[in-house]
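Asks: As annotated by Swiss-Prot, region 'Disordered' applies to 1-21. The feature transmembrane segment is assigned by Swiss-Prot to 99-119, 128-148, 160-177, 181-198, 204-224, 237-257, 283-303, 308-328, 341-361, 371-391, 395-415.
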């Protein structure tokens, strides 16, 4: 579609005077610079980021009406991807067509990407083992577990709205602990919930039994070939494979960036690209940056494949966030109105919550084994979790990570 045709996406002034708000006239560089500023100020996670966008672009400048913004937010919360970034892309399209959407999305993500890229490079220039900095990162890793636990709670509050969604989440968590692949549990969870919403309980039971049978068949087939597969995939990190890993995570981030954690970890740690300790360090670094937390994928890509790997992973993770708005701009609101599709996505999202819970247990076990003192590690975890709930501020994550690093430096000297 040409840029001229894309301008038709903008409502007319007459429409603005009667029913709808309109973005102000601006050039493409001005649009990019505006969202670059938002990216530089994107502290505090999605809630703070969305609040910033709402305050400036809805309440103050009326790029879009409050009612339509709320509906747009509801759509973005159903679809995979970081909501704040997707809203930026959508508003960029509203202002200057699809090219405007690309520029708005790039502006919002670029500061976080460049900062994480620089930190990833610095991470490998510094000695950690047996140093005070290594000890500080042990403290930080305990705090990261607290961040994930709080995220599971907050995401679950918005997704697990009835008993069946709770059941799906618990079953998917148990299945993940039992090493059942997500490509079995998540579609099954979505189908089962959609059928239950339609009151087709017999069909839901059949889908459940089919999923159990498939999981058993895969387990039986995989058992004799597991060592062969492990030998093939261990350490391999081609650019295409890194990109595919990021794309998979980007397509499955229902409910926020934290939901990408189990999928990225499954590939990065499972394939031998990095250790769990490095994975937790990447999460910690992303927590102190003005960016969507999913920017930790840049660090994972850097560890797996250097600078090119960092770019490949980042492109893969963010591609769905661009694509949904760019391709389906006019039809996104229909997602909320389609009850069957909405129910399926709700079931998948509930399953993802279960996967995060299972991954949190795994990461907590790894951290417990790494810290020199389990008591001190648990104390840092408990203090960080309590602070996150007690202090409602967009910088609370940054403060917790820095404080945990200081605590690790003080109590785990030369233990990194």
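Keep in mind that glycine also has a Cβ here, set from the backbone N, Cα and C atoms.
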Asks: I'm a bit unsure how to read this: which one of 160-177, 204-224, 308-328, 341-361, 371-391 has the highest number of Cβ pairs shorter than 8 Å with the transmembrane segment (99-119)?
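Replies: Maximum Cβ contact count belongs to 308-328.
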Asks: With Cβ-Cβ distances below 8 Å as the criterion, list the same-chain residues six or more beyond the ends of the transmembrane segment (283-303) that contact it, or say none.
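Replies: Cβ under 8 Å, 6 or more out: 39-43, 45-46, 49, 82, 84-85, 109, 111-113, 115-117, 119-121, 123, 137, 140-141, 143-144, 147-148, 242, 246, 249-250, 253, 256-258, 260-261, 264, 268, 273-274, 309-314, 316-318, 397-398, 400-402.
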Asks: Could you pull out which residues elsewhere in the chain have a CB under 8 Å from any CB of the transmembrane segment (204-224), counting only those six or more residues past its ends?
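Replies: That would be 175, 179-181, 184-185, 188, 191-192, 195-196.
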Asks: Residues of the same chain, at least six outside the transmembrane segment (237-257), with any C-beta under 8 angstroms of its C-beta?
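Replies: Apart from its flanks, the transmembrane segment (237-257) reaches 46, 77-83, 151, 155, 158-159, 182, 186, 263-264, 267-268, 271, 273, 292-294, 297, 301, 304-305, 308-309, 312-321, 345, 348-349, 352-353.
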Asks: Six or more residues beyond either end and a Cβ under 8 Å away: which residues meet both conditions relative to the transmembrane segment (160-177)?
Replies: 184-186, 189, 192-193, 196, 215, 262, 346-347, 350-355, 357-359, 361
Asks: State the residues, same chain only, that lie 6 or more residues beyond the ends of the transmembrane segment (128-148) and have a CB under 8 A from a CB inside it; answer 'none' if no residue qualifies.
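Replies: Counting only partners 6 or more residues beyond its ends, the transmembrane segment (128-148) has Cβ contacts under 8 Å with 258, 261, 277, 280-281, 283-284, 287, 356, 359-360, 363-364, 367, 370-372, 377-378, 380-382, 384-385, 388, 397, 400-401, 403-409, 411-416.
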